[in-house]
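Chemist: Take this structure, written in structure tokens, and hold onto it; I'll ask about it next.
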């Protein structure tokens, strides 16, 4: 039990990825034919959508942004589908199942970044950018260096996320469906490539929307059945859970998963600013027609996600009552069959029988596909748009850029499958924490200051951004998660599991210092360009909308 909790708590936003949701010990389950049939129905339906989307992808705008014609409501659902992962569902429910109230604190932690995105980023990002957040960061700064840094930040985050997601997918499918791990990884990789290769952002968007609807429906039904069991009384829910849980009343006490205030603060900052620096999330704001729709996207997405995380809290307590106290779901040693992360899946069986169990298992797989499709598209756009079309071959035609993007999708897919197989038995939970730390320490400071600080220069952004990225990586390696748990050293050089507090500080200080001391003519010119950028970011004047976007 302690190992499962440690692995879950040792990642910055463990629920941002399927990998860490199943980082504890898992046991392969018997082949679940109902789940497989339901999943095949989902795959056939989404491949049909991909075929439909492929007929409508005629240009670079269509491929990267679905023509800019996604509505705020649709994009809000898609963002929720991109952000709510299998770990959000299984991992958070498992945390509530084992630790009670602390699970709610973690689930709410994933929402704290969205007000930042709503009030500080969404509108200006849409008004200044076209396809990637590097468009915004390089708006008035030197194109080459800034795009290289932004693309590197994006690709590192995408790669770490993708590896962890593929390993998580293989283990999760082995656990839920009884399929072989290698078959599961190849299946996810091939489907991911097909969605992105042929359907681009339009297919990816609708896969994410469908997945979000299915996940919200499944979680709502489970929460409804749990509340029905206790007469729709939260008092009864908590009382019954405390009565059967081994920890008793202690499950209602907070503070059991974070050791000290610095770790808590660092974790919170990583969650908050990491979310605002995830390339596959930021890319979604270019799929809407204008800044107003971008704001609506965040509003709807936050509502859907907030509702979902409240449901996971109810599901977790429901699992304590209906699963934890039921010997049918325990093995001979008294442990939950399949591990604690199966709590929500067992609850699906308890409240809806085998048919609903199959549905929830299929939804968990669909969840993984939606997330990896978004990641792959973000990685491909960083290579084709930021590096190829704007650094290495300026003036490349749309056709050339799209060809590079699709080649990148194939390469990313093959690499993801190979690394997913190679990392099968490795502890990859730290990759999620590192991805969020880099997003918070490199991507976020550059995006924020490029839009809001008139004195930012290319020198400051480059040196500060690289310092933030390197600091996050080094501190993560020297911390307890990698240095002790993975490399086997006796004591960590850096005592905290979460580096975000320190790496973010280094990034902001570095950007400020090297920009403030930049007295070059180029730096002065970049400062003068801020006023024109500010006007466009506020008014949207000059922004192309809709299909022309």
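Cβ coordinates come from backbone N, Cα and C, glycine included.
It should be emphasised that the depicted structure is a prediction, and the values quoted were computed from it without experimental measurement.
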Chemist: For the transmembrane segment entry in Swiss-Prot, name the matching range from 103-123, 124-144.
Modeler: 103-123
Chemist: Suppose you had to name the range Swiss-Prot annotates as transmembrane segment; which of 12-32, 33-53 would you pick?
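Modeler: Checking Swiss-Prot against the ranges 12-32, 33-53, the transmembrane segment one is 33-53.
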Chemist: For the annotation transmembrane segment in Swiss-Prot, which listed range does it cover: 240-260, 303-323?
Modeler: 303-323
Chemist: When you get a sec, could you say which of 355-375, 376-396 is annotated transmembrane segment by Swiss-Prot?
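Modeler: Feature transmembrane segment in Swiss-Prot: residues 355-375.
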Chemist: Swiss-Prot tags one of 148-168, 526-546 as transmembrane segment - which one?
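Modeler: It is 148-168 that Swiss-Prot annotates as transmembrane segment.
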Chemist: In terms of Cβ proximity under 8 Å, which residues at least six beyond the ends of the transmembrane segment (355-375) contact it?
Modeler: 17-18, 32-39, 41-42, 46, 81-82, 84-86, 89-90, 158, 161-162, 165-166, 168-169, 172-173, 176-177, 188, 191-192, 195-196, 203-204, 207-208, 210-212, 214-215, 218, 221-222, 280, 283-284, 344-345, 348-349, 416
Chemist: State the residues, same chain only, that lie 6 or more residues beyond the ends of the transmembrane segment (303-323) and have a CB under 8 A from a CB inside it; answer 'none' if no residue qualifies.
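Modeler: Residues 76-77, 80, 83-84, 88-89, 92-97, 100, 103-104, 107-108, 110-111, 114, 212, 215-216, 219-220, 222-223, 225-227, 229-230, 237-238, 240-241, 244-245, 251, 329, 336, 343-344, 346-347, 350-351.
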Chemist: With Cβ-Cβ distances below 8 Å as the criterion, list the same-chain residues six or more beyond the ends of the transmembrane segment (103-123) that contact it, or say none.
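Modeler: Distant Cβ neighbours of the transmembrane segment (103-123) are 13-16, 83, 88, 92-93, 95-97, 254, 257, 267-268, 271-276, 281-282, 285, 291, 294-295, 297-299, 301-302, 305-306, 309-310, 312-313, 316, 447-448, 451-452, 537.
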Chemist: Are the transmembrane segment (262-282) and the transmembrane segment (77-97) close enough that 3 or more Cβ pairs fall under 8 Å, when only pairs 6 or more apart in sequence count?
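Modeler: Counting Cβ pairs under 8 Å (6 or more apart in sequence), the transmembrane segment (77-97) reaches the transmembrane segment (262-282), since there are 3 or more.
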Chemist: Establish whether the number of Cβ pairs under 8 Å between the transmembrane segment (404-424) and the transmembrane segment (206-226) reaches at least three, counting only pairs separated by 6 or more residues.
Modeler: no
Chemist: Pairs of Cβ atoms less than 8 Å apart decide it: which stretch in 148-168, 183-203, 206-226, 493-513 has the most with the transmembrane segment (428-448)?
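Modeler: Stretch with maximum Cβ contacts: 148-168.
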